[in-house]
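Below is one structure, written out as structure tokens; comments come after it.
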Amino acid sequence: MGGSGSSGVVSVGVGARVLSLFFYLLCLHSVGIFLFTRGFLLTRTELPLFSSCSDVFDSPCLSADRGAQGMDDKGRKCWTKSAIQRAIIIIIDALRFDFVAHSSNFPGEPQAWMDKLPVLQRLARENRNSARIFKFVADPPTTTLQRLKGLTTGGLPTFVDIGHSFGAPAIVEDNLILQLVRRGKKVRMMGDDTWMQLFPSHFSEAHPFPSFNVKDLHTVDDGVIREIYPALLQSDWSLLIAHFLGVDHVGHIFGVESPLMVEKLEQYNRVIEEVVAVLEKESGPGGLHEGTMLLVMGDHGQTLHGDHGGGTSEEVETALFAMAMQNPPGSLPSNFRAFPCNMAQEEQKPCISTLPQLDFSATMAALLGVAIPFGSVGRVNPELYALAAGTWLSINTSHADEGHDSHTVDWLSAYKDVLCINSWQVKRYLEAYSTSSIGGFPAADLAHVQSLYATVQSLASKPLRQDPSQLTYLDHQFDTLAELDAKKREELVSKVTGLTKVVYGYLNYLDSAADLARAQWTQFGDGWMVLGLSVLVASIVVHAVALSRAMVLPMDWKCRRPNVKFYFALLFVGIHAGSLLSNSYIIGEGQVVCFLLASSGILYLRTSLQGGSNVPKAILFLILNGGMTSIGLVEIFKDPATSGQHTLRNNHFPASYSPTMLISLSATAFATTMLPLSSLAWLIIRRARKVYMYSHSLWWAVTFGVPLAYFLLALHWFTMDLAASVVIVIPQMFKEFARLVCPRLVYSISLGLVGLTASLISTNSTKRGVSVPFGGLLVEAILIVFSGLSGTIILLLGRKGPTIALLAVLEVWCLLDLQGLGSLGPKCPDMDKVASERKLEVNGEVHSESHFAATVDWNLVAVQLFFCTGHRCTFDGLHYTAAFIGFDDFYFYRQGALLAADTFGASHILPVIGLPLLITGAAGMSQKMYSMSDTGYVSLEIAKAYISYGLVRAILATVTTACVALQRRHLMVWGLFAPKYVFDALGLLVIDIFVVIAVVFYFSLRPRTREKI
């Protein structure tokens, strides 16, 4: 009785201290990540200031003789007069640049998805003065929310705003849509419902469609097509927005190279052709669309795998096609084009210029005759602005008989005035931001930019003077210059020379201001970053100190002997951490981890050959690691089963499986699904028979619940495959049962098994006065929790799930035997004596080195699972389709939980839950050793294992944070390093949270005695 009481006191003390330690580490990591993130992922201060039409009279741009320039038809003044009466913006989400530009613009052979929008190429070629294709360049992050925000505000949404992509808040700062509404212009929207979240009360009429179900390719597009044609024939709007989503969803699910992508693009080509036909029919004098401009554009691009969010060229480069229905009387001089090309080139293919998305809001505001949004730092783009005939006719009509060149001079004069207002507006914003925000612009940089404004403003106020050096150049720019008499020629040269200098001065100022804004909103808070990194480093010290103080036996330091595996474990951690400095190795982190795990396997094989035992398991471990590498990393995860390909075929993608193909596919599915699932079920049930099952309820739950869950997910997959074929007709009711009900039943079984574990195991720790061994309860709890969660996680992972899960289970089984904590070191001669004094039963020496080496391998397996299940440390690599398995509608918390389970379940949550197996499974503790006297010892061993595992993960997360800080000016910082930091930081917090939960749960299983009844 005395021994039991002593052990109970030790156990209670251990439990309280361990729980306090891990909660403290969770707080440390949370604080460190918060501080570093505050300095790294800065947010831009949104000023509550708005432009108004009357503001322009505070500017130096409207002189008395030009004060009527901003008059609209009703005599109301604003910044510019409307150059177009209406605008139609067709947004094709995730429109790659090579979807629009001719294939001859790209090296190599034309790809299948190229030249599928020929209507845009034809219109740009046939209407050189009024239609043009632009390379539309976005600023990262390239997610729809940030791009729509940037397009409408003219600002630069910051990287941290990416968190709002799943719950977009309404835009509260000044924007183009608000300016249109304030001017009494009506805006109509149809398509992606993100617009309604950003502008909940701005549209005169809206037809939003749900956007987050990426399995659905057609609902949004079909809704837009249904609504757009009637709207084109109505006159009660000034801006029409039609946002298609099919290309984005096809990319996410199948990739750019999918035949379905070609089909979508061809569908859009037909829609655009029909829209243009309606516009051309109504574009005559007095027609409904005489003053209309059509814009077909993307919000961002996408990679070949359908991903976006970062800053690679594929992601930031999209396309914009613009066409004014009224042909302008002149053409823009080539020196104002971002990418000039000659007439012969334009005859063969449209000349393509580059247009930053930052300029879109300011340019559209000038065209539509509204105030430029207060926070815009873009410029009115000359090429897009010049397409509208209204920009050529807004100044002088007295030169109509003087030819094309007079129109050009008048346009330059009008454009100069627009740039004057544009520059004044940007200057006003920079000054307001510097005085109103917490972190304004650096004084020296702001002073330099403002000096550019003062210089050009001074130049603009001086009389225009002739520059003889420009005569030869102007001869090439203007067709009739050589035909003019000397006086008119001199007058024209003076005007053009002076206007060009002023325009270039304004453009230079606006470019410098935009660069200043970009630099400011990518300025990092070095102090916060250093402070956060220091806290993370301190957490590593706490881990190390706690591990050294958690020794069970005081003579561990005397008995410690060099352990080769420990030094190799340190080397592996160093290699893994050091590889994070390179963007190439971050991309190939999965291969790095598999290589390190294979190296560890070779060390086990060497030890096994020397000891003459476990040689087959060491060889099997290497084979399994190779299998995980080849199957898991062979391709990017695009799984038809999880993507819902069966729900997308319909009439858009008809299946044509022949009986032979169906038999072949069925055989493959059986080999990759049924065999692994059956093997997993057999292993779980077989293992359950060998552990203590003190609760009959849990025994029956595992025996029948796990096979039932596996059967349901197999039924879900097979039914969907059969439904996609034309060989077998599946009743609609049964198909819906398999598609929706089966996954929900799997989720229910998982929740039920975990709930039963929590409620029944702890209550059955003592039965009829017989003490239940702690180790047995641990194994039982781990087995049931793993069994319960496995069905849901495998279902979310898709078709690779069963095979990867089986390989991982066998790999862990080999690892437990090869990396037994109780057999890692030689037994200390004095250990039995001390153990006897403490009334502890020990089966070998356990050192902190042993724990560290074992948990390094455990961590390598966990990271390997992350990458081999198709995940990547990028936001666009998230498996959004997994969140909709079993559901058609979107509910934020439910879909968020499923997405989190898919992302972190196999690689973060399950390894934390199963970590005590390194103690109970590998230490050689037999059932006879699990007694009340060793409860405190086992508790300490579990605590040391969790501390060691947390130390490894904290080291990697801290090194990732340090690497991100060092590489913060790297070209790939937003596309690669920042997402890597976010994933590792979130992963560390997930691990910390589940370590706390696991410690609370497992330590609550420690046995208690009660009297026999």
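Backbone N, Cα and C atoms are what each Cβ position is placed from, and that goes for glycine too.
Computed from a predicted structure; not experimentally measured.
Long-range contacts of the transmembrane segment (21-41) within the same chain, counting only residues at least 6 positions beyond its ends with a Cβ under 8 Å from a Cβ of the stretch, are 158-160, 524-536, 538-539, 542-543, 546, 943, 946-947, 950, 954, 957, 961, 964-965, 968, 978, 981, 985, 988-989, 992-993, 995-996, 999. Summarising the annotation, TrEMBL assigns transmembrane segment to 21-41 (among others).
If you look up TrEMBL, you'll see 528-552 (among others) marked as transmembrane segment. For the transmembrane segment (528-552), the residues of the chain that approach it from at least six positions outside its boundaries are 21, 24-25, 28-29, 31-40, 840, 846-848, 851-852, 937, 940-941, 943-944, 947-948, 950-951, 954-955, 957-958, 961-962, 965, judged by C-beta separation under 8 angstroms.
What TrEMBL records for 564-581 (among others) is transmembrane segment.
With a cut-off of 8 Å between Cβ atoms, the residues of this chain six or more beyond the transmembrane segment (587-606) that come close are 564-565, 568, 572, 575-576, 579-580, 614-615, 618-619, 621-622, 625-626, 628-629, 632-633, 818-819, 856-857, 860-861, 863-864, 866-868, 873, 976. The annotation transmembrane segment is assigned in TrEMBL to 587-606 (among others).
According to TrEMBL, the transmembrane segment annotation covers 618-637 (among others).
According to TrEMBL, the feature transmembrane segment maps to 657-685 (among others).
Taken from TrEMBL, the feature transmembrane segment applies to 697-716 (among others). Beyond its flanks by at least six residues, the transmembrane segment (697-716) meets 673-674, 677-678, 680-681, 684-685, 688, 738-739, 742-743, 745-746, 749-750, 752-753, 756-757, 760-761, 780, 783-784, 787-788, 790-791, 794-795 of its own chain at Cβ-Cβ distances under 8 Å.
Residues annotated as transmembrane segment in TrEMBL: 745-762 (among others).
Positions annotated as transmembrane segment by TrEMBL: 774-797 (among others).
Annotation source TrEMBL lists transmembrane segment at 908-925 (among others).
The feature transmembrane segment is assigned by TrEMBL to 946-967 (among others).
Within the chain carrying the transmembrane segment (987-1005), a Cβ under 8 angstroms from the stretch's Cβ atoms is held by residues 11, 14-15, 18-19, 22-23, 25-26, 29-30, 33, 758, 761-762, 765, 774, 777-778, 781, 904, 907-909, 912-913, 915-916, 939, 942-943, 946, 949-950, 953-954, 957, all 6 or more beyond its ends. Marked as transmembrane segment by TrEMBL: 987-1005 (among others).
Same-chain residues lying 6 or more positions outside the transmembrane segment (745-762) and placing a CB less than 8 Å from one of its CB atoms are 694-695, 697-698, 701-702, 705-706, 708-709, 712-713, 716, 777, 780-781, 784-785, 787-789, 791-792, 795, 886, 1001, 1004-1005. Outside the transmembrane segment (946-967), and at least 6 residues removed from its termini, the chain residues within Cβ reach (under 8 Å) are 18, 21-22, 25, 29, 32-33, 36, 40, 524, 529, 532-533, 536-537, 539-540, 543-544, 546-547, 550, 573, 576-578, 580-581, 583, 848, 851-852, 854-856, 858-859, 911-912, 915, 973, 977-978, 980-981, 984-985, 987-988, 991-992, 995, 998-999.
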